[in-house]
Amino acid sequence: MPLPQVAIVGRPNVGKSTLFNRLLRQRRAIVEEVPGTTRDRIYGIVEWNDLRFGLFDTGGLLTEEEIERSSERELVEATKAQAELAIAEADLVIFVVDASAGPTAGDWEVADFLRRTDKPILLVANKAESREREFNALQFYELGLGDPIPVSALHGRGIADLLDAIAERLPRREEDGTAEAEAPKIAIVGRPNVGKSALLNAILGQPRQIVSPIPGTTRDAVDTELVWKGQPIVLIDTAGIRRPGRIERGIERYSILRAERAIERSDVAILVVDATEPFTHQDQAVAGKVLDAKKGIVVAINKWDLFEHMEGEGAREAFEEDAREAFHFMPWAPLVFVSALTGKNVEHVVDLALVVVAERSRRIPTAELNQLLREAIAHHPPPTRPGKWVKFYYVTQPEVNPPTFVFFCNRPQLVHFSYKRYLENRIRERYGFLGTPIELVFRERERSAPAWERGKAGRS
């Protein structure tokens, strides 16, 4: 089952990031950055006793009046969107307030907003470094969110009690080893109004056995586990996600953030685009997120029935050329012309996604890879510099998902990007790897020990 998620929210300068870092230092923690659109959303995994949970840090929430007065309106809107996204995905929200300041108008506004989310909330009064501050923390009871938990994130005071409180309120998700853990996860992503919801419904309308709905990590989405032609799969839905906003860019930014989280959990993303509209920067941005996450991708060109009706014969070839130009950075991604309304090619989209899943897990024998490398070098040797040249020794594939190839050579820093692209193209020409990015890594081969030392080591 997915890890339970916890979001830390509150107004600026109450110590949210300090608390985040303090929680991650408990036991063993893995920290990673989850890129946002203007600021990074920071995400980590916390382990406490027998519990593991994901933890989001968010930017400070301003009051509506402060937002109106802000000279960085766009940045403030982005920060607010990040926080709202984290709250929507959370199983539990930690609302951090400042015990040294007492309740403020900003605290009241955040509290009112959190009440409307119907999320479980832990009220945490930070900066309670003394008994007097702990007593002051009691004032926050008037916010109506339960008893405040006094802590000092800076000094670690009260952190164990806070972690125990988190453990009590989070849902327990058993690792039962059922099909969901092994089933390929396919995310349906794209900008608003391209037909993601219609495509999902068309897929679910195909004849198959729906096993069970799985609660997703977002407020608006439900992951669905089903059996597709004998193969268990999980569909991750990001369809129908909208955020009321004053400006279009805010809505656009929010939709990309939602798609981002779905992509992180997926193996393959079906990127839905609208055939009746020109390709946009947002289409490219969502595709870029898939590649950044090193996931597989299938491009589903939806509403094709409408476009074909308007444009007539020859429309497909011209459109495919435009699509290849728009997504020039992933020429290996398959394109599928579909109509969620009529059901045309809907089945083919899922079939292709499963092909991409298989491609991502392919391993190529080392002997075959080295034969390919020798042929590639013979056909086009690596460029040389005066007095310097690149000599390749061998190549191997140590990893899958995505397929990763490590080339050992004498001067990896001299391998030009154009030659890297050449080697990738040769790999794809022979082995395909449809719909998945592949990683090429260039390393200097470790110098072998002298023969007499190797013999001595073998006898010891």
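In case you wondered, yes, glycine gets a Cβ from its N, Cα and C as well.
The GTP 1 binding site feature in Swiss-Prot is assigned to 10-17, 57-61, 126-129; the stated evidence is sequence analysis. Taken from Swiss-Prot, the feature GTP 2 binding site applies to 190-197, 237-241, 302-305. Among the features that Swiss-Prot reports, domain 'EngA-type G 1' is placed at 4-174. The domain 'EngA-type G 2' annotation in Swiss-Prot covers 184-361. Look at Swiss-Prot and you will find 362-446 tagged as domain 'KH-like', backed by sequence analysis.
A map of Swiss-Prot features onto the structure.
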residue : record             : contacts (Cβ under 8 Å, 6+ apart)
G10     : GTP 1 binding site : K16, G60, L61, F95, V96, V97, D107, V110
N13     : GTP 1 binding site : G60, D98
A128    : GTP 1 binding site : A99, E134, N136, A137, P150, V151, S152, R157, G158
N193    : GTP 2 binding site : D274
W304    : GTP 2 binding site : A275, F337, V338, S339, K344, N345
Requested in this report: Rounded to the nearest Å, what's the C-alpha distance separating K196 (GTP 2 binding site) and T58 (GTP 1 binding site)? Just drop the number here, would you?
Outcome: 28
Query - For N193 (GTP 2 binding site): DSSP state (helix, strand, coil) - result: coil
Requested in this report: Please report how many Å separate the Cα atom of T58 (GTP 1 binding site) from that of G190 (GTP 2 binding site), as a whole number.
Outcome: 24
Query raised in the report: Can you check what DSSP calls T58 (GTP 1 binding site), collapsed to helix, strand or coil?
Result: coil
Query - Rounded mean pLDDT for the residues that make up the domain 'EngA-type G 1' (4-174) - result: 82
Query raised in the report: Once the chains shown are all counted, how many other Cβ atoms turn up within 10 Å of the Cβ of G190 (GTP 2 binding site)?
Result: 27
Query - Helix, strand and coil totals (DSSP H, G, I; E, B; other) for the domain 'KH-like' (362-446) - result: 32 helix, 22 strand, 31 coil
Report summary line: Once DSSP output is merged into helix, strand and coil, G10 (GTP 1 binding site) belongs to coil
